[in-house]
Amino acid sequence: MKEQCVAMLLAGGKGSRLNALTKNLAKPAVPFGGKYRIIDFALSNCANSGIHHVGVLTQYQPLLLNSYIGIGEPWDLDRNDGGVSILSPYAEASEVKWYKGTASAIYENRHFLKELQPEHVLILSGDHIYKMDYGKMLEYHAEKQADATIAVIEVSWAEAGRFGILHTNDKMEITSFEEKPKYPKSNLASMGVYVFKWSVLEDALERDEKNSASSHDFGKDVIPALLEENKRLNAYPFKGYWKDVGTVRSLWEANMDLLGDHPPLDLFERNWRIYSVSPNLPPQFVADLAEIKESLVSEGCTVYGSVTRSVIFQRVAIGRHSAIKRSVVMHDVSIGEYVEIENAIVSAGIRIPDGFCAKPEDGEVLLITEEYVKKHKVV
C-alpha cells in the first residue's frame, strides 16, 4: 500500500512569530537540535515509513531549502522508483501564481499527483517536530475504509485554542472540526497530518478552488466541507512526542526536550533515525578547564567555558570563564570571555563580546540577535 501513497510536504511557511530567525529563510529550514533543520523530521519520517514519492512545496525564501534538500540523498530519496521533487509556485504568461492557502498549494500541483495517480495522498506540514510511522496511519486509514484520516493528539486545554480541534464519537469518527476556536469544546488537536483517498481529495480541491468564499485552507475549508458532505473522516490518535515550534519559546522548549537521561524526544533512537545534510567538520574541542553538563555540542566547536543543559550548533566558539545555561546557540557564533547567557536562543553567525550578560527574569526566553547585542553591549 505504501507504494501507492505519495506524500506532499507543505514547506512554504514564513513563520513570522519566530521573528528574526525566519528573516531570510522559511520556517521549515530553521535549525534545530544542534545539527538538523525542522523539515528533517518530516522527511526522515517518510524515509523510515517506506514512503519514497515526496513532493516538497516551497514558497517563502525557498533558495536555501531547495539547495538543502537537493535530490534527497540524506533521506534515501534519491531513487529511480520515486524520489523527492521540489514544487515551487509556477509562473503563467502574465504572473507568478502564489499559493492562497494550504489547499491551494496542493491544487496548484495537482498535475504532479495526476501523473503518479496514487491511491492515497499523505499531506504533511514541514514545520513540526515529531517521529511518526506513517505506514501505521495508512493501515489504520484502510481498516476504517475512510475517505480521509487526520492524525490527532491531545493538547492541554490552555493551548487548545491555538489548533484545529476535532470532535469524535466512540469509533473515532470525526463529527465536527473547528479551526482555532475561541472556546474549545475538545482538546483533541489536528497535527496537520492527513491521509486522503486521491479521488476524494482531487474532487474536494476542484470544488474548493471554484468557491470564491473559501480561504483555500484544509482546516478552515476542505475538512468542514467534507464533513458537510457526510464523507467518512476518521481521527488517528497519536501518543508520541509532537511539537508545533511556531514561536521562539516553543522552539526553545523543543530543543530543551532533547536533553536529559530520558528525554521526551530521543535523537539517539537507532530504529528511527533523523537524517540531515551534515557538513564535513572536525570533532569538537573541549579545553582542560571547560565543563559540559547535560548538553548537545555539535562538530567544529571549541569550548573553553561552561555549558549546562544547552544545545550548541556547529562551529561555535565559547571563551574562557563564560557560562551558557539552558540555551540554544545556533551555528557560527563566537562567544567571548566572561559571558553569561541563560534561557536564550542565540542567532546564527553573530559575535558576543567579552563581559556580555543576558539573564532574563520570570522564565522569559530571549532571542539574542546582532541588534540585541548592540543594544545591550557592555560599555
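Note that the numbers count up from 1, one per residue, in the order the chain is shown.
The backbone N, Cα and C atoms fix where each Cβ goes, and this holds for glycine too.
Annotated alpha-D-glucose 1-phosphate binding in Swiss-Prot involves Tyr99, Gly164, Glu179, Lys180 plus, out of the candidates Ser88, Ser156, Ser190, the residue Ser190.
The number of other CB atoms found within 10 A of the CB of Gly164 (alpha-D-glucose 1-phosphate binding site), across every protein chain shown, is 22. The secondary structure of Lys180 (alpha-D-glucose 1-phosphate binding site), as reduced to three states from DSSP, is coil rather than helix or strand. For the binding-site residues Glu179, Lys180, counting C-beta atoms within 10 A of each C-beta gives the highest total at Glu179.
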